[in-house]
Amino acid sequence: MPKRQDIETILVIGSGPIIIGQAAEFDYAGTQACLALKEEGYRVILVNSNPATIMTDNEIADKVYIEPLTHDFIARIIRKEQPDALLPTLGGQTGLNMAIQLHDSGELEANNVKLLGTELESIQQAEDRELFRTLMNDLGVPVPESDIVNTVEQAFAFKEEVGYPLIVRPAFTMGGTGGGICHNDAEFKEIVTNGLHYSPATQCLIEKSIAGFKEIEYEVMRDKNDNAIVVCNMENIDPVGIHTGDSIVVAPSQTLSDVEYQMLRDVSLKVIRALGIEGGCNVQLALDPHSLDYYIIEVNPRVSRSSALASKATGYPIAKLAAKIAIGLTLDEMLNPITETSYAAFEPTLDYVISKIPRFPFDKFEKGERVLGTQMKATGEVMAIGRTYEESLLKAIRSLEYGVHHLGLPNGETFDLGYIKERIQDQDDERLFFIGEAIRRGTTLEEIHEMTKIDYFFLNKFQHIIDIEHDLKSNKGDIDYLKFAKNYGFSDRVIAHRFDMTEEEVYDLRQQNGIIPVYKMVDTCAAEFESATPYYYGTYEYENESVVTEKEKILVLGSGPIRIGQGVEFDYATVHAVWAIQQAGYEAIIVNNNPETVSTDFSISDKLYFEPLTEEDVMNIIDLEQPKGVVVQFGGQTAINLADKLAKHDVKILGTSLEDLNRAEDRKEFEALLHTIDVPQPNGKTATSPQEALENARSIGYPVVVRPSYVLGGRAMEIVNSDAELEDYMNQAVKASPDHPVLVDRYLTGKEIEVDAISDGETVIIPGIMEHIERAGVHSGDSIAVYPPQTLKQEEMTTLEDFTIRLAKGLNIVGLINIQFVIAHDGVYVLEVNPRSSRTVPFLSKITNIQMAQLAMRAIIGDKLVDLGYQPGIQPYTEGVFVKAPVFSFNKLKNVDITLGPEMKSTGEVMGKDATMEKALFKGLTASGMEVKDHGTVLMTVSDKDKDEIVSIAQRLNEVGYRILATQGTARKLAENNIPSEVVGKIGGEDDLLTRIQNGEVQIVVNTMTKGKEFERDGFQIRRASVENGVPCLTSLDTVVALTRVIESMTFTMKNM
């Protein structure tokens, strides 16, 4: 069937900011889809609120709108652009929900916009729990015993019939938001209430729990001629009951018999045909391990996290082909881009095993609720490819960057067996490692199976890994056994530990005996057809399929899994660096292990190695490819931390030299440099023991900021106000990096400024300066950043420019540098310098139209900025005001305190742009998920130190018609200043403030309680209650002032005469 001729312009809705449950996989899918539609000759208009993505680059679509993803804003774009069609299935749940709202409001019909791909009725049939259940019953496909409810009372009526355990699944939500497993009335009431709140349709499915069944997924494609194929089937190692995004997944499935495989395949295809899906679709099934009984759990009628994984696991580009199916092409007329000889209608076959392991944020949120259930908690994931299951699992484990390299925890031997078993029963994020520890102690597989319901196939593989580990000890230095262990994915580091050698000695031993990996191609067809992809994985076999070319090569290190502090911004920079390398005529090679991102799309680089980012795995690739050099400054801290390890092997680090990278990180050397170039920094000292830290803090004077050196995203960084708080910190956090000392700095309150600059060693250019709304002390990744600065004086701007140039030249920067300054009452101070790409690079690149990562890469290759047409210093300003606002995923993480401080907590970001600061802020706040209303009720409860400042804010909010609720102390302060407020009861009393929040009476919460380390503190409960009830809670008064400005600009003030 030829493609549709009745449409010319297509609107694509992106997925917005990165949150838990909706991460970089949609940047990858959306980028692929937009390019596929352009390739077919359509005009593409993209709307997405996330500036950190490749998808929102001007090259990806004909017109890019970075605007809030709300009904009103998208409707404005539709009215302005008059697209012929809308493609809703590539923007995750956000894109789908938007399409449904635009359809229901009549906006699409009024503007003659057709929906492409899967019909809306089909989407609703798959997403609406009631309609889906009815269809399954008609098809004779079993679904778990369940009921659809719209109220808590209905839920309890169903519970009386079937009893616990029950699973609650809210309709039209993403990543299991608001859902969970319930074992008693209290849990049930809380989860159902939450679920109804988070579901846009106020609807939940309550189903009898089938936890313990195997969870199997089929990634399927169908076109309008009813051709349907299975791209990939995957098996969750964790049984049903843990969200698939939080499960360890293996592809292809390992434990299904042929009968089971075919039965579930047939069901998957039958269901997507009945639904009329056109494009990609994910089917989740539950299989009874003891019989052929199965249930269908759910169907995602869109591109999903699993389809990104399936694309990378097979090399089959699902999103690209789904976009082409949406415009009328069929599977039997599209070529598979990997082989370029076979058609897309051929099902991929794999001759390797892939493992996916989720990356959790609990290294940042140590007090977070770690137990896994039906609500997703992982921020990202890693994938690894091997020829055996053991190899792919161990490669995935060492890709996670938890400091864990093996099936066990670093301090595993210190735990007693009782504790280990308790942790296994908890089913939390560390369960896999505790299972390894239990096997080491001789716990039987039967007992572990009883506790976890994990299939014996996998438990036997874990046992095999522990057996090899054990035998390494008794075969110290044995070359054959070394080879055997390498076949099963053991790293040099783990072997070295068992052989009583250093990692270098094992590396040398391998080199001398020719035990080196070969690289195999991922070709979608198990080598049945000729294939032309440059997509490889390493394994210890005989034939190397990665042909080394004569061309000069540059190797770029990617940034690994998405986590808090290291998001998609670094993938963005990686991709741009690769494009610049190719333009300069070099061969670009990427090493990365994140299946969700654009950088691991095989069509981006000349060669992609899907491997762990460790010294050993990267060196193996360098030994084969012999690149001219390696680029580390685009891959975040992951890549920077590998620089010195690679340099030990005489690998050339391109761009800023290793000595200079270390000079920026090493406290003493950095202080010496600042002294030489005459740039001031807050008074600070270095401590190697708790005693020394106390002496330092007393001599500097409280408050002080304490942190370990060499960290990203402010990990383990805190502001402390007293000896007691400091002692508490030193006892908990110094472990954060034992070989590195702790820095103790004077905490300066003032405006925080962030600058990104590019240097070629001679000329320094500054694309832009950003001012933070929150004063220093809030991590730059969690602050609202504004471009251009709104409150800086000209002489401050000149000083910032001057200091930036001095720092870039003083550190001999070649490439990018990111600097944070604070402007205190007595001048400008430098807070920190990062000699690498930062998380603001995409944001500034989009605003200024200076492709910073590409320009930095050209400087690294040796081009001069002056020859490229740039003048030194601050570049000309772009018209308008641009705001970068953080986005948090607190509603997915229980027990996490949302107070902003020096430790980063946001998972993503959005951009708001308009002619004025207020309008840009309104867009930024709206895009971040905050509903900004021009009237309503604000609850204020602030600490003593903030009481003076809250008065003027309350005055302004009162004048635009906001009602004020306040706790006793705050209300007293307001009354002294003639500002009316209603006093609310303390927690636990009658009509207390938590009840007010839960009943939906409050639109904004302002809370700056003194920080108590213990959870029981009222402030913590207030903050959590607001998150769990979807009420914006602001913990920094600077953010409140910004919000007040926006509210004032939307409305009129009412003052009496």
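Every residue, even glycine, has its Cβ placed from backbone N, Cα and C.
Per Swiss-Prot, these features apply:
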- R129, R169, G175, G176, K208, I210, E215, G241, I242, H243, Q284, E298: ATP 1 binding site (BINDING)
- Q284, E298: Mg(2+) 1 binding site (BINDING)
- Q284, E298: Mn(2+) 1 binding site (BINDING)
- E298, N300: Mg(2+) 2 binding site (BINDING)
- E298, N300: Mn(2+) 2 binding site (BINDING)
- R707, R746, L748, E752, G777, V778, H779, S780, Q820, E832: ATP 2 binding site (BINDING)
- Q820, E832: Mn(2+) 3 binding site (BINDING)
- Q820, E832: Mg(2+) 3 binding site (BINDING)
- E832, N834: Mg(2+) 4 binding site (BINDING)
- E832, N834: Mn(2+) 4 binding site (BINDING)
- 133-327: domain 'ATP-grasp 1' (DOMAIN)
- 671-861: domain 'ATP-grasp 2' (DOMAIN)
- 930-1057: domain 'MGS-like' (DOMAIN)
- 1-401: region 'Carboxyphosphate synthetic domain' (REGION)
- 402-546: region 'Oligomerization domain' (REGION)
- 547-929: region 'Carbamoyl phosphate synthetic domain' (REGION)
- 930-1057: region 'Allosteric domain' (REGION)
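Here is what falls inside 10 Å of the CA of R129 (ATP 1 binding site) among the binding-site residues E298, L748, G777, Q820: E298. Distance between Cα atoms for E832 (Mn(2+) 3 binding site) and Q820 (ATP 2 binding site): 5 Å, as a whole number.
Each residue contributes its Cα atom, and for N300 (Mg(2+) 2 binding site) and Q820 (ATP 2 binding site) these two points are 43 Å apart. Taking the Cβ of N834 (Mg(2+) 4 binding site) as centre and 10 Å as the limit, one finds 21 other Cβ atoms among all the protein chains shown. Recorded residues H779 (ATP 2 binding site) and I242 (ATP 1 binding site) have their alpha carbons 32 Å apart, per Cα-Cα distance.
One residue stands out among the binding-site residues Q284, N300, Q820 for having the most other Cβ atoms within 10 Å of its Cβ: N300.
For the binding-site residues E215, E298, E832, the greatest number of Cβ atoms within 10 Å around a candidate Cβ is found at E215. Within the same chain, residues at least six positions away from G777 (ATP 2 binding site) with a Cβ under 8 Å of its Cβ are V705, I719, Y747, T749, G901, P902.
Set side by side, the binding-site residues I242, L748 differ in how many other CB atoms lie within 10 angstroms of their CB, and the most is found at I242. The least crowded of the binding-site residues R129, K208, R707, H779, judged by other CB atoms within 10 A of its own CB, is K208.
Overall, the recorded ATP 2-binding residues R707, R746, L748, E752, G777, V778, H779, S780, Q820, E832 cover a maximum inter-Cα distance of 18 Å.
In terms of Cα spacing, the binding-site residues K208, E215, Q284, N834 that come within 10 Å of E298 (Mg(2+) 1 binding site) are Q284. Note on proximity: of the binding-site residues K208, E215, N834, the one nearest L748 (ATP 2 binding site) is N834, by Cα distance. Across the domain 'MGS-like' (930-1057), DSSP assigns 56 helix, 23 strand, 49 coil. Per-residue confidence over the domain 'ATP-grasp 1' (133-327) averages out at a pLDDT of 92.
The CA atom of E215 (ATP 1 binding site) is located 44 Å away from the CA atom of N834 (Mg(2+) 4 binding site). Q284 (ATP 1 binding site) sits 44 Å from R707 (ATP 2 binding site), taking the CA atoms of both as reference points.
Each residue of the region 'Oligomerization domain' (402-546) gets a DSSP state, and the totals for helix, strand and coil are 76 helix, 11 strand, 58 coil. Within 10 Å of Q820 (ATP 2 binding site), counting CA to CA, the binding-site residues K208, I242, N834 contribute N834.
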